[in-house]
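Everything below concerns the one structure shown next.
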C-alpha cells in the first residue's frame, strides 16, 4: 500500500509539472498578439495542440481514411512490382540490356519513393514517438522532390526524347542515359537544395502558399515538355503503337497531376481546416498510387510492352525482332528451304547466303563461344530485306542491332574497330542501307581467319553434308512418288494390270472411263 501511495504521489508531481509547462507555453502563446494563430502554432506546437484540442488523428495521423489511402498505395505498388517481375520469373524472359531495362527499373524505385514520402510527410501513419528519420526535410523534400516525382518524370522525359531522336532525327540520342538522366534531374535537385537552405517547412511539413506555387511549377513544366515533344512526332506511323501509348500516358499524367496539384494547394493553404487536411492528404496519396501504376503500365518503350505482359500467346510467340517486324524468311528454318551444294573453295560471303549452311556454321561458332559475328550477319541480312522506302521498320531493326551487337558492353558485342563502331553510333541516318557495311566486311575477314578453316574439318560440316545428302534423296523420292500413274498412261487396261486395282481404289472416275 505504501508503494502504491508513493507511486501516486510521484505521478501527481509529474502531472503538476507538465500542467505548469503547458500553462507557461499557453501564456506565451496568448501574449503573442503580433503573430497569427498559424505562425504561433508553428512556434509552439505543443501548446497549440493543447489549446485547440488537436490531439486527434487530423494532426498526428491515423484516421480511417489515412489507412484506406495507405492500403491503396501498398496494393498499387505490389501490383506494379508483380507486373514488372512476373514475366521474367514465369516465362523466363531474358532481361533486356541498357536503358530499355534500367529506365523502367528506376521508374519502379521512384514510384516507391513517391508513395513512401507522401505517407511520411502527410502524417498518414501515427507514431507515438518522434524519431530522427521522421524529418520533414528528409521525406517532404529530398525523397519526395528529386528521388520521387523528379525521377519519375525525368525517366519518362528521357524515353520520349530518345523516341524523338531516333524516329524524327534518324539518329541515336547523342547523350547516354546515365548522363542525360542526372541532367534532367538537376532542376529538382537544385530546388531541394534551396528548400533545405531556406527551411520553409513547419512542424507539420507545410510550406505555405509562397513556396507551394513554385513547388508545383516543376511537374507542370515537365508535362508541358512531354506534350511538346510528342506533338513533334505525331506524323510517324509506329510499328508497335508507341505514339498511342505515349498519348495515353500523357493524358493519365495530366489528369493525375491536375488533381494532385489542387489537393496539394488546398492542403498547404488551409492548414486550420481539419476535415480538409484529412481529405486532401487522402486524395494526394490515392492519386499518386493510381499515377504510378498507370504511368508504368502504359509504356511506349516497345517492344518492352510485350516483355512486361503475362499474355504468353500474344507476347512470346515472336522470338526475334525480324519476326515482330514481319520480315520474310526471318523465322525458323522450314523443311521446304532448299539445300545447295556447298563448295569450300567458294567465298564465304556467298556460302553464307545459303540459310542452312549459315545455321550450321552458326552452331559451330556458338560451340566455339564466337557466335556473335554470325548472329550479327544473320540479322543484318534480315535488315537488308526491308525496303529502303520503309524507313520506320529499318529504324526498328537497325536500333535493335545496335543495342544488341554494337553498343559497348552489349549482350553480344561484336569485335569491330573503334572507328567503325563510332561511325555507326554517330550516324546521321540510322536507316541508311550501308550502315553496317564496314562492320560486315571486318567480321567476314575475322571469320575467314579464325573459324572457316576449323569448320571444314568439324563434325558440324560432316553433319551438314549428311543432312544435305539425305534431303537430296528425299527430294528424289518425292519426285518419283509424285508421278501420275493414271490408267491412261498404261498400255494394259485389264485386271492383270498391277496398277489397275490401285487406281480403281484411289480414283473412282476411272470406272466410268473403263
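Our numbering is plain: 1 for the first residue shown, then up by one each step along the chain.
Backbone N, Cα and C define each Cβ position, glycine as well.
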Transmembrane segment range according to TrEMBL, out of 15-35, 36-56, 246-266: 246-266
Annotated range (TrEMBL: transmembrane segment) out of 178-197, 318-337: 178-197
Per-region confidence, the domain 'RGS' (347-465) (mean pLDDT, whole number): 89
The transmembrane segment (209-234) versus listed stretches 101-125, 137-158, 178-197, 246-266: most Cβ pairs under 8 Å: 246-266
Remote residues contacting the transmembrane segment (178-197) - C-beta distance under 8 A, at least 6 residues beyond either end: 103, 106, 137, 141-142, 145-146, 149-151, 154-155, 157-158, 161, 207, 211, 214-215, 218
Tally of DSSP helical, extended and coil residues in the domain 'RGS' (347-465): 81 helix, 0 strand, 38 coil
